[in-house]
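Asks: TrEMBL feature annotations, pasted as is:
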- 20-42: transmembrane segment (TRANSMEM)
- 22-306: domain 'ABC transmembrane type-1' (DOMAIN)
- 62-82: transmembrane segment (TRANSMEM)
- 144-161: transmembrane segment (TRANSMEM)
- 167-183: transmembrane segment (TRANSMEM)
- 244-261: transmembrane segment (TRANSMEM)
- 267-290: transmembrane segment (TRANSMEM)
- 338-572: domain 'ABC transporter' (DOMAIN)
Amino acid sequence: MLKYFQKKYAMSEKGARDLFYAILWTILMQLSFMAPVILGFKFLEENIQTIFNPANTSKPSIAYYVVMSVVLFLVMLAVSYFQYDSAYTKIYEESAKRRISLAETLRKLPMAFFGKSDIADLSATIMEDATQIEMLFSHAVPQIYAAVTTIFIMGTMMFFYNWQLSLAVFWVVPVAVLVFLLSKKFQDEMHQDLYNVKREISDTIQEGLDAAQEIKSYNREGTFSKSLNQDLDDFEKKMIRGELLAGALINLSYVFLRLGLPSVILYGAYLLSTSAISVFTYLVFLVVTARIYNPIMDAMNNFALLLYLNIRIERMKEMDKMPRQDGKTKFSPKNYDIEFKNVDFSYQDGVQTLNRVSFIAKQNDVTALVGPSGGGKSTIAKLSARFWDIDRGVITLGGVDISKIDPETLLNYYSIVFQDVTLFNSSVMENIRLGKKDATDEEVMRAAQLAQCDDFIKKMPNGYDTLIGENGEKLSGGERQRISIARAILKDAPIILLDEATASLDAENESKIQSAFSVLVKNKTVLIIAHRMRTVLGADKIVVVKDGVIAETGKPMELKARPGLFSSMLKAQYQNQ
Ligand SMILES: Nc1ncnc2c1ncn2[C@@H]1O[C@H](COP(=O)(O)OP(=O)(O)OP(=O)(O)O)[C@@H](O)[C@H]1O
């Protein structure tokens with residue numbers, strides 16, 4: 001049973017055990033709530049017998065019923081407390097743990113996962129899905145199991161008491177359940193459909209927010225909001241249509257359930273007229289029938305909710321199954337050479353991006369990755385810091401296979417200066433301090449000076465305390481990159497991954513960035529995606545990448561002298577200048 005819960009509802013072992021206890025206590029609670037009714041009937045039976053049969057002088061003991069009532073009341077209180085504790089407190093604890101574990105999973109997922117499922121979707125899974133599932137396990141699941149068990153127990157007792165009247169009570173249940181199940185398939189499809197549309201809409205909104213600048217600059221606001229409105233309209237129509245149809249089917253099954261009471265009234269009256277049952281039995285069945293359908297309806301409602309949430313649980317299982325990037329957190333490389341040995345890599349199955357890539361980027365050397373666009377330069381640079389895990393071959397840092405090292409530990413050894421610099425809406429000081437959390441203000445300022453940031457920062461209204469706006473929108477491209485270089489200088493990691501700016505910078509910015517680079521790369525292992533002649537020719541080693549394979553490697557002057565891809569690229573660039 002516990003294993004079943006764990007697997008079916010993607011729960012931890014403790015969570016499954018807590019759910020089991022929550023169900024058990026809910027059953028006990030429902031049974032304890034029935035006990036006073038039974039006691040009441042017993043009391044009535046004894047009194048009615050005295051009314052109908054005056055010869056029977058045995059008086060019921062009032063004291064007995066008073067004591068029993070008090071005892072039952074205390075039992076009900078105690079059981080309710082345990083039910084509440086197990087169904088709410090414990091289940092909410094599980095849910096909090098589930099959120100933390102999802103967040104932990106996210107941290108350990110390879111970057112590849114984030115390409116496929118975007119952030120809006122992931123945060124929806126963590127917050128929204130986890131909240132819905134929390135509700136489900138604290139309310140719906142214990143109630144479904146408890147209702148089914150309680151009704152089974154009550155039904156059996158009633159059949160033993162009077163099987164004919166019990167048939168009149170229960171014939172409606174299988175019919176109603178059948179209609180309900182018929183709607184299940186339809187509801188499943190509808191929910192999956194709606195859920196997908198909803199995800200698409202949040203994706204569109206997220207995309208719109210991310211690309212707000214582009215949408216504005218290309219005057220595409222009208223088109224964007226038109227397509228969003230269209231999606232929202234579709235969603236609304238689908239939802240109304242789905243709700244109406246599902247609602248109609250569910251109501252039909254409720255109508256069947258409601259037919260139970262008239263059946264008991266009519267059939268009971270008939271049995272009474274033939275003296276097959278006593279007035280008391282008739283009364284008992286009328287009272288019970290009036291009450292028994294509500295828990296059945298609740299169970300069906302909860303079951304519908306469970307169907308809806310199945311899709312969410314499946315998605316959580318999907319995330320749990322993703323391969324995680326783990327590894328040792330203790331790591332001491334003997335040097336900072338990066339070596340690729342026969343590395344194969346693909347972003348998607350069937351499309352090989354890198355094919356048997358082998359080269360060494362030596363410590364204290366600048367290794368330049370050059371080659372045509374789309375050849376795989378950025379991929380190589382990112383793989384060297386384990387942004388993704390490779391398909392075949394090995395990448396080592398100081399002789400240690402990086403796939404065996406925890407990604408966060410590994411990243412401590414890298415400074416990454418790419419074009420897509422992420423800046424935060426806080427002060428310039430804090431943005432640079434990101435390179436080294438505990439750096440003093442003096443250290444930050446010194447790094448900024450070395451990265452040639454000092455002059456433009458001092459011109460800002462509040463100097464280092466100026467807020468630089470969401471993603472640094474108040475800064476120019478060259479200034480943003482210099483901030484990111486300052487971060488890297490502050491971090492002072494032994495390996496530098498650099499993506500040289502492709503956008504044309506003005507002469508002043510260009511020369512400042514060059515001097516900032518030269519400070520940054522001193523005595524480091526430098527892997528640079530190079531676009532400019534000056535950088536390419538100044539490198540210690542060139543690795544030419546084309547269509548995912550290494551076309552040539554060597555010193556710049558050697559390659560220049562030799563006919564090949566590099567020399568023809570050089571010629572082409574000179575001709576363009
Ligand atoms: N996240 C990704 N998912 C799927 N495919 C990708 C991804 N990133 C890159 N690619 C593909 O991998 C191939 C190599 O891309 P990569 O960015 O490494 O080339 P590059 O040489 O750095 O190009 P450029 O000089 O234009 O930046 C390209 O075909 C690209 O479309």
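Placement of Cβ uses the backbone N, Cα and C atoms for every residue, glycine included.
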Asks: Can you name the far-off residues of the same chain, 6+ from the ends of the transmembrane segment (244-261), with a Cβ under 8 Å from a Cβ of it?
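Replies: Distal contacts: 168-173, 175-177, 179-180, 182-183, 186-187, 190, 289-290, 292-293, 296-297, 300, 304.
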Asks: Within the domain 'ABC transporter' (338-572) only, compute the mean pLDDT.
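Replies: Over the domain 'ABC transporter' (338-572), the predicted model scores a mean pLDDT of 86.
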Asks: Take the transmembrane segment (267-290) and find every residue of the same chain, 6 or more past its ends, with a Cβ under 8 Å from one of its Cβ atoms.
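Replies: Apart from its flanks, the transmembrane segment (267-290) reaches 37, 41, 44-45, 48, 52, 154, 158, 161-162, 164-165, 168-169, 260-261.
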Asks: Can you tell me which parts of the same chain pack against the transmembrane segment (20-42), counting only residues 6+ beyond its ends and a CB-CB cutoff under 8 A?
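Replies: Contacts with the transmembrane segment (20-42): 1-2, 5, 65, 68-69, 72, 75-76, 79-80, 82-83, 86-87, 90-91, 137-138, 141-143, 145-147, 149-150, 153-154, 284, 287-288, 295.
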